[in-house]
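To keep things clear, I will list the structure first and then write my remarks on it.
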Amino acid sequence: MHDNVIARIKTFFLPFIVALLLFTAIYSLLNWWLFTHLAIFPVEESVLDTMLPLVLAFVPAWYWIWPRIALLELRHDRSDMLYYLVVYIGLALPVILTQHYIRNEKQTLLQLQTMAEISQRPAEAYQVKQWYVAKQDASVWTNVSIEGKHGSLFVFSMYVTVPVFTAPGDTITGKCLAWYGIKYHTSMSNRLSDEEKGARCDDFLQRSWQRFQEKNVYSCTYLERPGYTSERANFRNAANLNKRYSYAEDILLLPMRQPFAARTGGLLWWLLSALLIFSGIWLMVCLKTPLKQPESKPVISLAQRWHPATAILCWFIGSSLFIAGQHSPGPNELIFWGASSRPLLAHGQWWRLLTNLFLNITALQGFYIVTLYLAGYILEPVIRGKRFLFAWLLSGMAGSLLSVMVYPDRLSFGASGAILGIWGVILMFIFRKKFSQDIGVILLYAMAVAGLVVLFLILGFKGSSDSVADMGGLLAGLMIGWIYARKLPDKQQEVLPEHKNA
């Protein structure tokens with residue numbers, strides 16, 4: 001009995017703890033080193049702290065823990081999904097809480113004598129003895145977003161920015177030292193008529209402006225200088241509407257009423273609770289769930305059932321669709337999340353050629369997941385995961401580059417070019433006879449590729465996709481397929497299991 005408990009802990013529990021600690025430590029280190037210390041390129045804090053851990057937690061769960069669930073004797077066929085979910089949340093939630101805790105804990109509070117010192121002393125929070133807010137010169141930006149399940153909420157936001165100086169006499173310079181920001185927002189049912197929404201928004205604007213006029217802007221414990229967030233872009237839009245003042249430094253200050261020591265809230269306790277709860281649940285599962293007997297159905301590992309590169313890419317696309325479905329991003333949010341365009345690339349932001357591939361926002365783009373999975377099922381066993389991933393990335397980047405060259409003012413995003421590039425590789429393999437020689441199979445592949453090409457182009461011309469990116473991805477895929485086909489030995493022509501007996 002004692003040996004059985006130790007064996008279960010070694011087989012199930014310890015790998016979970018090791019995966020959790022490694023994932024938390026490695027992700028936290030890379031997050032700080034790449035995006036805080038080196039600041040290689042700006043990424044929204046919510047993406048780094050929440051969205052990316054949610055996506056990446058799939059990798060250690062799938063690679064280390066999920067195959068071990070197949071060793072358990074489950075009472076119901078669908079019970080394994082509950083076990084998968086416990087492992088996934090148990091890995092993702094502690095990492096998310098850790099990022100939020102680190103970001104809040106590392107904030108520093110500086111004491112300034114005058115607001116003029118702020119540009120030479122960067123920090124996350126300030127307490128200033130001498131400063132002046134030109135409340136009479138405030139500027140306003142409004143924003144509308146559709147949120148909630150199935151887009152049920154209409155959210156109307158009002159962003160107010162006010163120029164900040166050291167003293168009232170500094171207002172004659174035409175340049176402010178920073179911007180003081182306040183946000184007001186309200187929500188209503190998205191099913192209301194446009195007239196009703198407009199009336200409610202007008203009433204909210206008037207009441208919010210009255211609240212701002214009555215507000216004591218100096219009544220705060222400290223001023224927070226936020227990082228790279230989507231809210232920051234809206235405050236910047238409000239500041240740009242100010243016709244009287246410009247700013248030399250892009251400094252936004254938000255008034256905070258709570259004490260600086262309370263900035264982390266109960267994050268540490270939430271983190272410890274999450275670690276204990278999910279570790280305890282998984283330990284009970286490991287000790288109480290019976291194991292499969294030798295005469296039971298043979299265990300098939302996930303590595304045999306899934307194609308890793310295809311599964312990971314489908315997960316990324318599905319995650320971006322889910323996140324976008326909750327926020328309904330506009331042009332500013334798309335740029336913030338990594339969409340590309342010619343002006344952005346001209347300013348040296350070449351990394352957007354990569355990030356825009358993982359930005360899919362429409363329900364129609366969910367079709368990409370199906371087509372990518374089919375392509376991966378056919379191609380990945382032949383060229384293996386690394387080459388498959390390289391072909392996907394290179395085709396997508398080539399399509400994005402061609403798109404911004406043809407359309408100088410259009411935002412480019414989505415994975416259609418990358419996926420069509422994979423089908424281009426398949427098409428080249430058909431021409432080079434790298435698949436089964438069965439005529440019916442070849443015709444089936446050819447019809448699938450031709451149908452997808454036509455469908456993607458139709459969607460592109462109707463505005464649902466980017467036909468130029470699709471064509472660029474397809475051409476790049478054909479070239480990559482030609483290179484791969486030259487190096488692929490003929491003995492792999494029968495690699496697909498369902499075609500071995502053809």
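Even glycines carry a Cβ here, placed using N, Cα and C.
TrEMBL annotations: computationally assigned, not manually curated.
Taken from TrEMBL, the feature domain 'Peptidase S54 rhomboid' applies to 348-486. Residues annotated as transmembrane segment in TrEMBL: 12-30, 50-69, 81-102, 267-285, 357-376, 388-407, 413-431, 443-461, 467-485.
In this chain, the transmembrane segment (413-431) lies out of contact with the transmembrane segment (12-30); the count of Cβ pairs under 8 Å, excluding pairs fewer than 6 apart in sequence, is fewer than 3. Ranked by Cβ pairs under 8 Å to the transmembrane segment (267-285), the stretches 81-102, 388-407, 413-431 are led by 81-102.
Outside the transmembrane segment (388-407) by six or more residues, the chain places 307, 309-310, 313, 340-342, 345, 352-354, 356-357, 376, 379-380, 415-422, 424-425, 466, 468-477, 480-481, 484 with a CB less than 8 A from a CB of the stretch. Model confidence over the domain 'Peptidase S54 rhomboid' (348-486) is summarised by a mean pLDDT of 76.
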